[in-house]
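First up is the structure itself, then whatever we jot down about it.
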Amino acid sequence: MIKNLSTFFVGIALSCLAGCTPIPKETTATKEYAPLEVPVPERPAGQQDVIELTTPKLDTVRVGFIGLGMRGPSAVERWTHIPGTKIVALCDLLPENAEKAQKIVTNAGMEAPALYSGSEDAWKQLCERNDIDLVYIATDWKHHTEMGIYAMEHGKHAAIEVPAAMSLDEIWALINTSEKTRKHCMQLENCVYDFFELTTLNMAQKGLFGEVLHVEGSYIHNLEEFWPYYWNNWRLDYNREFRGDVYATHGLGPACQLLNIHRGDRMKTLVAMDTKAVTGPELVKQYQKEEAPDFQNGDHTMTFIRTENGKTIHIQHDVMNPRPYSRMYQLTGTKGFANKYPIEQYCFRPDQIDSTSIPDHENLSMHSAVPEKVKEALMSQYKHPIHQELEETAKKIGGHGGMDFIMDYRLVYCLRNGLPLDMDVYDLAEWCCMADLTRLSIENGNAPVAVPDFTRGNWNKVDGYHHAFAQ
């Protein structure tokens, strides 16, 4: 009986195999699938790119601030500590916010700046003044682009909080305005100045990691305690309305600098996906007392990007759930590895460590992180020149541990010395385009999407990312 059953099952198996159609060889071959593409407008006649744009030196950088709610006042405070500056004007829709910021300036022993408030268009009067060089914009996201364009059109440089633009149309408008007016348009991305990031960038530029092949970044920040404090629930409303990675810049900015994006390489294609929205609708019900079955932004969004030179980037976004804060910041190179969260660590091939300057190198292997003492010695040895100058002062003044102060200081330093800024309008474009492009990918079944060349052909004009310094 057992023999008969065995013969029966073998017969069934052979029959099934005989009935299967062999997989054609051609189906296993690699095929090229055209990604979704968005239009790239032609550069208007007479315009040129603003890569490494320089403008005349400013003895004193005269600044006007727009938006004095959550982030603006701390920026005003930081600027009272930066030499070679004058705070000329302050603007907020609410008069009390402008008045509080004015007291920050006068309490620092400086002349009281002019105030603009009480009207939706009061900020335009600030931009129209002839005694301002730079407009510093820290409003809600939806007003960033309009204000930046108006400032440049009225002869001012524009520094815009993250994200500076939320759509491709806004991005191209900022690019064209900067190119047309020859004014700087910089996104205020602070995380590129954090201590581990800038030190690691210096190591990478010195070749310590070999060829950097893969980088990661994220914005993972449980905003539970902050949701009630966004004016008129603007941030929750934005997440309710838009799908995709709407806040990619903190993770993507440092990653792009490591890969020399639009300075020898460019982001070419991305694929994005998200989870369903669970926490968002609950927050709307909690704070706005209404149901939100239409809530668009998934609790967790992830994006994978491939560059022209065959490098890869992984970005995540999650502001909804109880996870430890993380910007990930990770790089993988042919000779080394770096990781910031949850702990700062480096890993190298043994021959990458100089035994004359780094202790205990015999204990290193390519399979484990270097000991803490070795990590500290490396970070000291490769401390970035910017941190060598500013670390002590930055940590004293503060602003997310000091990186905000360094960001503002470097902006002023470059303007006063007539140097290219550390971040240009194309950085702004590349880091902000994730909002529109990831949405497009997700809404089309996680389809590949081509990342536009915002430089319009000049992405390899500069050989590698670098910071400018006065001679």
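The chain as shown is numbered from 1 upward.
Cβ atoms here come from the backbone N, Cα and C positions, even for glycine.
Here's what Swiss-Prot has on this protein:
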| type | residues | note |
| --- | --- | --- |
| SIGNAL | 1-15 | signal peptide |
| LIPID | CYS16 | N-palmitoyl cysteine |
| LIPID | CYS16 | S-diacylglycerol cysteine |
| BINDING | MET70, ARG71, ASP92, TRP141, LYS142, HIS143, HIS144, GLU161, VAL162, ASN190, TYR247 | NAD(+) binding site |
| BINDING | TYR219, ARG235, TYR247, ALA248, THR249, HIS250, TYR325 | substrate binding site |
(request) Counting other Cβ atoms within 10 Å, pick out the least crowded of the binding-site residues TYR219, TYR247, TYR325. (result) TYR325
(request) Would you mind reading off the Cα separation of HIS250 (substrate binding site) from HIS144 (NAD(+) binding site), to the nearest angstrom? (result) 17
(request) Go through MET70, VAL162, ALA248, our binding-site residues, and report the one whose Cβ sees the most other Cβ atoms within 10 Å. (result) ALA248
(request) Out of TYR219, ARG235, TYR325, point to the one nearest HIS144 (NAD(+) binding site) in space (Cα versus Cα); all of them are binding-site residues in the record. (result) ARG235
(request) Check ARG235 (substrate binding site) against DSSP and tell me helix, strand or coil, would you? (result) helix
(request) Rank the binding-site residues LYS142, HIS144 by the number of other Cβ atoms within 10 Å of each Cβ, and give the residue at the low end. (result) LYS142
(message) Whole-number answer please: how many Å between the C-alpha atoms of THR249 (substrate binding site) and ASP92 (NAD(+) binding site)?
(response) 25
(message) Rank aside, I only need the closest one: which of the binding-site residues TYR219, ARG235, TYR325 has its C-alpha nearest to that of TYR247 (NAD(+) binding site)?
(response) TYR219
(message) Neighbour count, 10 Å Cβ-Cβ cut-off, for ARG235 (substrate binding site): what number do you get?
(response) 20
(request) Look up LYS142 (NAD(+) binding site) in the DSSP assignment and reduce it to helix, strand or coil. (result) helix
(request) Whole-number Å only: compute the distance from the Cα of ALA248 (substrate binding site) to the Cα of MET70 (NAD(+) binding site). (result) 20
(message) Whole-number answer please: how many Å between the C-alpha atoms of ARG235 (substrate binding site) and MET70 (NAD(+) binding site)?
(response) 12
(request) Would you mind pulling the longest C-alpha to C-alpha span across TYR219, ARG235, TYR247, ALA248, THR249, HIS250, TYR325, which the record has binding substrate, in angstrom? (result) 18
(request) Identify, in sequence order, the residues in the chain of ASP92 (NAD(+) binding site) that are 6 or more apart from it along the sequence and have a CB within less than 8 Å of its CB; answer 'none' if there are none. (result) ILE66, GLY67, LEU68, GLY69, GLY72, ALA98, ALA101, SER117
